[in-house]
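S.K.: Structure incoming, see below.
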Amino acid sequence: MPQLIAILPGDGIGPEVTAEARRVLETLGLDLRFEEAPVGGAAYDATGHPLPPATLDLARRADAVLFGAVGDSRYDGLARALRPEQAILGLRKELGLFANLRPAKLFAGLEDASALRPEIAARIDLVIVRELTGDVYFGLKSRGTTAEGLREGRDLMRYDEAEVARIARVGFETARTRGGRLCSVDKANVLETSQLWRDVVIEVSVEYPDVALTHMYVDNAAMQMVRDPGQFDVIVTGNLFGDILSDQASMCAGSIGMLPSAALDGSGKGLYEPIHGSAPDIAGQGLANPAAAILSAAMLLRHSLGMAEPADRIEAAVAAAIVGGARTRDLGGTLSTRAMADAILTQL
Ligand code: ATP
Ligand code: MG
């Protein structure tokens, strides 16, 4: 029985880059089948809802989901529940995708694309493991008025020990597959949630004596990532800190068009997407860099389908195409989306 991959192209450049990622997967001759469904603004236009039941059902049935991007300012006037972004939040929640893996690595040849000095940028090769379904994003939220009559807003930061332990394990497991170093990032000098976080990470570390564990406050981590990103192997952190640090890491590593991500449920199921958004400014013009989507497909093979060898081949082909000079506009070149994918396919 071939494994089922759900393709959810979405909006803007999402369809352009997922089409190329699918082409790469098809070229490898693996035992896979594909089903596509609309999501985001495209789904709203077609059905009146950004995450229609049929799309959610496909995502549930599939062995893995390849996601493009959602969002377009055309939908800004809609009620919050109908906006395209709700589709990805809904998928994460419904599929229980609590672990976000974001590798940030500079491809040889792209040293000048980084926000860091080339010799510092060359050293960046890390993975951020971000908790994705807790923290201030999902804690109690409210608006009110203070005793003095001032408007007030509240977002509750909360974690329980089970939530911390399961993301910590993903961090340790990820470190095991790499350099064996895990840095847990928190704000334990100020926050109760962070003290719990640190206690639980230390407890879980007993199961991983082979992994070298360190702790860092998030403010220091932000500074260290710019000063010397080469010191990090795997970072595990909460939802809010991970959101900020992973965007910072991506700029250190160069173009937003090069970086993939995975959102995992802990049992093998996962949703894979480029870290970039729908890029309405370049949509429909064949200018988007498909590498992030293609590298997301490689992560899909590795993490959800147990196909590490073809995943390695895809990553090597992207690296070789870059070394060979293949560049879309975001990388300072002139190749179209299709031509960039062709350059990668040639290497495959
Ligand atoms: P979102 O809120 O969905 O994350 P965003 O506002 O962060 O979206 P993006 O859609 O990621 O924005 O686009 C940010 C900038 O990066 C835009 O100028 C866009 O054209 C560019 N960009 C994004 N993805 C790519 C890509 N694959 N190739 C080339 N340029 C890209
Ligand atoms: Mg963004």
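Every residue gets a Cβ built from N, Cα and C, even glycine.
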S.K.: If TrEMBL gives ARG92, ARG130, ASP219 as binding substrate, which of ARG80, ARG102, ARG117 does it give for that site as well?
M.R.: ARG102
S.K.: Taking the binding-site residues ARG92, ARG130, ASP247, GLY277, ALA283, which residues show a Cβ-atom distance to ligand 2 below 6 Å?
M.R.: GLY277
S.K.: What does DSSP assign ARG102 (substrate binding site), in three states?
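M.R.: In the DSSP reduction, ARG102 (substrate binding site) maps to strand.
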S.K.: Near ligand 1, which of the binding-site residues ARG92, ASP243, GLY277, ALA279, ASP281, ASN289 are found, taking a Cβ distance under 6 A to any of its atoms?
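M.R.: Cβ under 6 Å from ligand 1: GLY277, ALA279, ASP281, ASN289.
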S.K.: According to DSSP, collapsed to three classes, what secondary structure does ARG130 (substrate binding site) have?
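M.R.: SS state of ARG130 (substrate binding site) = strand.
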